[in-house]
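Residues or ranges marked as compositional bias 'Low complexity' in Swiss-Prot: 217-229, 366-378. Residues annotated as compositional bias 'Polar residues' in Swiss-Prot: 241-273, 293-303, 319-360, 391-414. Annotation source Swiss-Prot lists repeat 'TPR 1' at 561-594, citing sequence analysis. The repeat 'TPR 2' annotation in Swiss-Prot covers 596-628 and rests on sequence analysis. According to Swiss-Prot, the feature repeat 'TPR 4' maps to 664-696.
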Amino acid sequence: MKESAASVAVRPQLREVFERFPADAHRTIEDEIHEMMKCYAFDDAIFLAELHYETDKSNNSESLLLYADCLYRANKKEECYGLLSSVKLSGARLFYLLARVSYDLNKIDDCRGALFEHDDGVIRKDILEEPRVASHANLLHAQMLCDESYMDLALESCQKSLDENILLWSAIITYLRFGGHDLAHTFEKHHRKSNGLYLDSPASSLKSETPSPNVPGPSSSSAASTAEPSRLESSVRRSTRGTIASANRETRNTTSNITPRQSTPGSTPSRINPTAPRKSSRISEMTTRRTESSVTGSRSSLFTEPERPHTRATHSSRNRANAALNSDTENSNASNTRTRSGIASVTRGSSSSQRTNPVRTSIRIADAAAAANKTAKTLSQRRRNEKQPLVSRNSNLARSLSGSTNSVASTASERPSEDEVSQINPPLPSVASSLNNDEPMDIVDGVYDPEYKKLFDVYQHIALIEESISTYNWRSADALFAKLDRDIILNTSMVRLQLGRACFEQSEYRECRNILDDLHKRRKWKVDGTELLSTSMWHLQDTHALSALSQILTTESRERPQSWCAAGNCFSLQRQHTQAIECMERAIQLDKRFAYAYTLLGHELIVQDELDKAAGSFRSALLLSPRDYRAWYGLGLVHLKKEQNLTALTNIQKAVNINPTNRAMLCTLSQIEQQRGQIDTALVLIDRALTLNPLDVACRFNRSRLLFEANRNEECLVELDKLKASSPDEAFIFHLLARVHRRMGNTHLALLNYSWAAELDPRGEQNITDSNVINREEYEDDEYGSPV
């Protein structure tokens, strides 16, 4: 009786609760479930969806999709997979959801069965009939093909995905990562398709520029084939398609009767992190000494100052030495090159005196300032004067690019001017029209509302910048950055990250650190880009800042691979390479598709002389990003350490074909050619590297060493005298100068230069040579005791 009375007392309360529930005659159970998912009440949504699926027999496919969707969003992928695989499916979204969850669970056979009707690689007709689902299905197919190393087919699937939905950013990243190009033509097709116009131009060629690991590289016997891979790469990009502006003008004349409509992008998968490489000094046995310079005209000033005028740098006594350094290797057009403004006060770690050198600012910021201030004057014509030191003061971090020479890699180098680099990387066809057209890259008026149209214009512009960065075409990237509005650069994280990546790729580590550090401070919750920030600090040997960054990331974002890459960089800078390897492996465990972690792991394994594991790590990076030139370069260095020079030459040539603007790789190629006895070819490669930056001290030192190996003593002496005037605190220069004088019979000058080298490097930290050099160098009086 007591229980009955209690139940009677409760019933009115429940009735009152249900009576307070808002009644809406048009509201369905699907609306209630979606409302719960919007409020992140996934367990409640799953309960209602399961109840709805078990009781609704009229529209079982829709209720099944809703139930499976709730499970997937709640990260209950095993339950979602079990549900979908236990029933007969119908409909594009159900098949795609089963394929997606199977791929996430690494059930590739089930993924293929859901995606393809037959085992022929053709996506189901039901999926293809729904363009929004087809775009995601094609992208998933591309990822599967990439895992199976079918790069050309993966590129084609990415193109199909973009044809269906151009707003899939992950599809654009994947498309460029597989070697795609000419995004402007893809946007043009989207514009015409959006307006119901037939695209009568043929589809763009989908030929991949990715070199196959089974295809041998270009012959190294000829200097032309080795020294000019950039022409081959740039010729692939050339096309004769019309510009975006011309296509828009055509479509504006034919859209007067078209009903305005707005396409809505589908749910985009999480953005794939672009590969962010560590530069070549990561695996070199000697790193350059970083200068503590304050670049007043750097890119970072864009984020703190409204605009800055271009100033002419003051010249010091060092400029005369640098002018002498340039006299014999600069191109005839070098006097007309565009240069950058800014003054840097450079402090050498090994010298107590301070020297003021004019330092250039990036063309991107110079052009951006010119765009913001249309009345700005033309940039003054002058030379870059910032040099790079040869070696690091830390002997344990000093790693040479070659195991058999005492050469030096340049890592703290500056980017060539616009005219110098135009011969190497001409503007891409996809952005050629935007370089000469001040009008925004807009789409047809009347089809999209103004806000959508504005966002689409910015999206298209950012996509073209991504294409320029992915193809290492800095001239096009500079022009596109200059055309962006200042507010977009200041307030868009993706644009800042792209700007930081561009600085990082060109070894402008100080500017990269300033840009990405400012981004991290403004948006502390964002982790993307911190792997580049930590690597920039590694190059600058900023131990305290790197330690603080890694501490913050590993505390607040332990489940992100970028955090453990930063921790690995921190341990590597402190020469704790075993702990660094553990951190990189942890990053790979968190994200098995993070190619940058594989690259860093390979570099650390090279330092530990675990060459087979390092090669496997680089190959894993190439599976994920076949155009990652750092992975090709690292693989070449592994073979170089194994003294497999021909295989190393082939791999490094592939890296140069992908990125022809990397001077360190050209120096390494020249060292391999020198070991093979091809001195002339090696000199051609060094001269090509010097055309990118005539003031690169490391490249010039390598050129002097090659002249010494070729017994061209007079030319070597002239080159070293110029280097001595430009870099009077580098022990390597005086050491090689002493060897030249000894060979020429100038014993007193040889002893004098040996003495200066010992004063600059009393503990021999810079004296990193192998046994071959020692046996060949010292003390053979019959070779060095008489003039040659």
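Heads up, the Cβ atoms here are built off N, Cα and C, so glycines get one too.
Looking only at the repeat 'TPR 1' (561-594), the predicted model's pLDDT averages out at 95. For the repeat 'TPR 1' (561-594), the DSSP counts in helix, strand and coil order read 27 helix, 0 strand, 7 coil.
Residues of the repeat 'TPR 4' (664-696) grouped by DSSP class, helix first, strand second and coil last, total 26 helix, 0 strand, 7 coil.
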